[in-house]
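Features reported for this protein in Swiss-Prot:
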TRANSMEM  5-25  transmembrane segment
TRANSMEM  39-59  transmembrane segment
TRANSMEM  67-87  transmembrane segment
TRANSMEM  102-122  transmembrane segment
TRANSMEM  134-154  transmembrane segment
TRANSMEM  171-191  transmembrane segment
Amino acid sequence: MTEYILLLVGTVLVNNFVLVKFLGLCPFMGVSKKLETAIGMGLATTFVLTLASVCAYLVESYVLRPLGIEYLRTMSFILVIAVVVQFTEMVVHKTSPTLYRLLGIFLPLITTNCAVLGVALLNINENHNFIESIIYGFGAAVGFSLVLILFASMRERIAAADVPVPFRGASIAMITAGLMSLAFMGFTGLVK
């Protein structure tokens with residue numbers, strides 16, 4: 001049980017996929033201008049990342065390895081992620097049309113979010129079992145959502161602040177992301 005908690009804390013805080021592994025930077029910068037959009041994207045990505053990790057583990061364990069076709073891993077994982085994202089898009093469209101409109105193009109772009117494919121591939125490379133795959137995918141998703149929501153709330157506050165002209169826009173966003181990354185580095189010694 002302790003190793004599961006350490007895996008969860010490690011993926012959320014210590015080895016955050018956005019701030020440490022630099023995966024998922026496109027939605028991190030693109031969807032983080034408004035807090036409500038960031039929350040919606042975080043929830044959708046949490047669902048997709050967790051489900052894609054589970055599906056990728058199952059495809060790897062019960063299709064690719066038994067047939068000896070591990071070289072098709074990346075292509076099969078992209079197909080799995082595309083199916084999971086389409087399912088998520090249908091669910092969001094039915095349950096929350098407002099959120100569906102707010103997320104716009106970013107919802108189908110979860111398919112090309114490198115964090116989703118990265119988590120699936122790292123899951124397999126680290127030889128996680130089924131439970132660890134679920135925890136790893138969920139922890140990565142919670143870490144992504146946490147960083148996205150924190151960054152969106154900071155960007156909203158910065159938008160209301162008097163920022164010097166040369167630092168407005170992407171410049172101050174990159175500086176803020178760098179400072180967030182430094183703050184998350186404080187968790188480095190928490191989990192080995």
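A Cβ is built for glycine as well, from the same backbone N, Cα and C atoms used for every other residue.
Since this is a predicted model, take the numbers as computed values, not measurements.
Long-range contacts of the transmembrane segment (5-25) within the same chain: residues 45, 113-116, 118-119, 132, 135-136, 138-140, 142-144, 146-148, 177, 180-181, 184, 187-188, 190-191, each at least 6 residues beyond the stretch ends and with a Cβ under 8 Å from a Cβ of the stretch. Below 8 angstroms of C-beta separation, residues 17-18, 21, 23-24, 26-27, 30-31, 34, 36-37, 40-41, 44-45, 48-49, 52-53, 56, 73-74, 77-78, 80-82, 85, 88-89, 92, 136-137, 140-141, 144 of the same chain, each at least six residues beyond the ends of the transmembrane segment (102-122), sit close to that stretch.
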